[in-house]
Amino acid sequence: MSQTSTMAADLDPEHQHAVVVPKKQRTLFGFKVPRYSDPMVQIVVVGFILFLNPGMYNALAGLGGAGQVDPTAQNNAGIALHTTFAVIGFVVGIAHNFLGTKWTMAIGGIGYCVYSAAFLCYNHTRNEGFVIFSGALLGFCAAFLWCAQGVVMMSYPVESQRGRAISITWLLFNLGAVIGAAVSLGQNWSVKAGHVTDGTYVGFIVLEASGALLCCFLTPSEKIIRKDGTKVQKVIHPGLKSDILGLYTTLVTDPWVILLFPMFFASNYFYTYQFNDVNAYFFSTRTRAFNNIFYWISQIIAAAAFGAFLDWTRFSRRTRTLVAWAILFTLVMAVWGGGYKFLLLTHRHVKGPGMDLFDKDYTWYLLLYMSYGMLDSLWQVFCYYTMGAMSNDPRRLAYYTGFYKSIQAVGATAISKLDADKVSFHINFGTSWGLMAGGLVIAFPLYWFRLHNTEVDEEDFIGVPTGKEVHKSTVTDVAAKGEGSATVSEKKAPDDHHELDKAS
């Protein structure tokens with residue numbers, strides 16, 4: 001059997017070449033109501049799941065030490081979390097291709113409320129073992145959730161809306177952290193020192209449990225119809241051996257992805273320094289919550305602006321990506337360079353000043369912290385956009401997302417261990433800055449040589465405009481053999497559904 005037919009066998013024959021006409025939108029009081037199966041609607045649903053689960057987790061983590069005075073328990077839980085995540089994340093794409101997006105995400109939503117409950121228990125019992133167990137459980141669950149989220153965000157929308165999809169997801173995700181931080185601020189406004197209140201943890205538990213339930217209401221991917229009339233490829237699970245081979249083949253057939261691994265490693269590394277060594281160390285309890293709100297607000301604004309730029313069709317996708325790389329590298333040097341002066345005010349074995357939001361010069365420190373948040377958001381959006389620009393195949397994107405989250409977790413484990421061992425703040429600061437700058441430099445050849453103005457997989461069989469640069473992800477040129485092209489022409493979409501025919 002040829003490579004083409006082998007890959008085609010992994011797809012549902014009903015959807016392999018499907019180009020269908022989307023159902024007409026319903027109206028309500030004169031306003032168009034999008035279909036629930038519309039890709040952007042599903043992306044919004046996924047965004048709200050992130051809002052209620054990892055968004056609340058980030059709000060709690062952003063307090064520093066998960067709301068505790070001493071971050072040791074949280075650091076040890078973080079080591080368990082990220083170690084588990086690193087192992088599961090690398091192979092979770094296999095589970096996704098077996099379970100499907102909906103149930104992969106449903107499994108992923110379970111661990112977040114258990115993690116918050118462990119810290120509520122810790123407030124009264126000092127049971128660090130339960131906290132560490134909850135971290136390991138969350139690492140397992142989060143690997144599932146983030147894999148499914150990545151597939152939805154990168155494969156559901158047409159190419160010209162991918163930046164928008166990523167920014168919408170990131171906006172809702174960080175809005176969860178903003179609201180969670182606002183609730184925490186209200187609970188702790190009169191608390192200038194000490195751990196956060198029980199009510200804060202209870203609020204997180206309720207919201208995170210709601211997010212786990214919402215996962216069950218996602219539409220199966222095979223029922224998603226894009227605005228251009230194409231369906232999302234439905235990947236049939238061909239067997240464990242085939243999936244393991246697919247994981248290996250992804251690295252062999254597209255080794256360029258390896259150049260992204262340092263960026264992946266850095267993508268959660270810097271949070272420990274920012275949350276524990278800046279926010280928890282330097283500020284009072286209520287100021288930590290206040291900082292947290294503006295940290296995540298800055299992420300929302302940055303993600304929206306960056307996503308709009310990445311979808312700006314005035315320039316080719318390759319040009320936009322190279323400009324985005326230059327912007328990101330400049331900001332890495334500027335923001336971390338600005339943070340060096342703050343670093344000189346901090347010392348690991350000297351108690352922090354407990355700065356309050358009404359103290360003199362506080363505004364300048366808040367602006368620095370917001371700049372960290374802005375940069376972090378741009379980094380995550382750029383990583384996802386890059387992976388989405390490398391393929392349209394959900395199965396391959398599941399592997400990419402697994403690589404991303406697994407290597408990301410390895411980086412987070414490393415910095416959690418350093419922080420738990422109470423190394424100098426200078427080490428955490430320097431390695432965070434160096435990894436971000438170095439990661440961009442190492443990845444640059446991929447942006448220069450590998451990324452193209454559009455990316456059409458064999459499995460897509462989508463009509464492509466003449467004169468546009470096209471790159472097929474796999475070696476076999478299906479169009480040259482005539483396979484699939486006749487099928488597509490037989491099922492032409494109407495003229496007004498041509499979004500994918502625009503070079504993104």
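Glycine is treated like the rest: Cβ placed from N, Cα and C.
Annotation comment: TrEMBL describes 40-59, 79-99, 106-125, 131-156, 168-189, 201-219, 293-310, 322-342, 362-385, 427-449 as transmembrane segment. Per TrEMBL, region 'Disordered' is recorded for 479-504. Under the heading compositional bias 'Basic and acidic residues', TrEMBL lists 489-504.
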(message) With Cβ-Cβ distances below 8 Å as the criterion, list the same-chain residues six or more beyond the ends of the transmembrane segment (322-342) that contact it, or say none.
(response) 278, 306, 309-310, 315, 365, 368, 371-372, 374-375, 378-379, 382, 385, 429, 432-433, 436-437, 440-441, 443-444, 447-448
(request) Counting only CB pairs under 8 A, let me know which of 79-99, 106-125, 131-156, 168-189, 427-449 has the most with the transmembrane segment (201-219). (result) 106-125
(request) Report, as numbers and ranges, which residues of the same chain sit near the transmembrane segment (293-310): CB under 8 Å and 6 or more residues beyond its ends. (result) 58-59, 62, 162-168, 170-171, 174-175, 177-178, 181-182, 185, 274, 279, 320-321, 324, 366, 369-378, 380-382, 385
(message) Is it the case that the transmembrane segment (106-125) and the transmembrane segment (362-385) touch, counting contact as three or more CB pairs under 8 Å in which the residues of each pair are 6 or more positions apart?
(response) no
(request) Kindly say whether the transmembrane segment (168-189) and the transmembrane segment (427-449) touch, using the definition of 3 or more Cβ pairs under 8 Å where each pair is 6 or more positions apart. (result) no
(message) Quick test of the contact rule: Cβ under 8 Å, at least six residues beyond the ends. What residues does that give for the transmembrane segment (40-59)?
(response) 34, 105, 108-109, 112, 115-116, 138, 142, 145-146, 148-149, 152-153, 156-157, 161, 165, 168-169, 171-181, 183-184, 204, 207-208, 210-212, 214-215, 217-219, 224, 292, 296
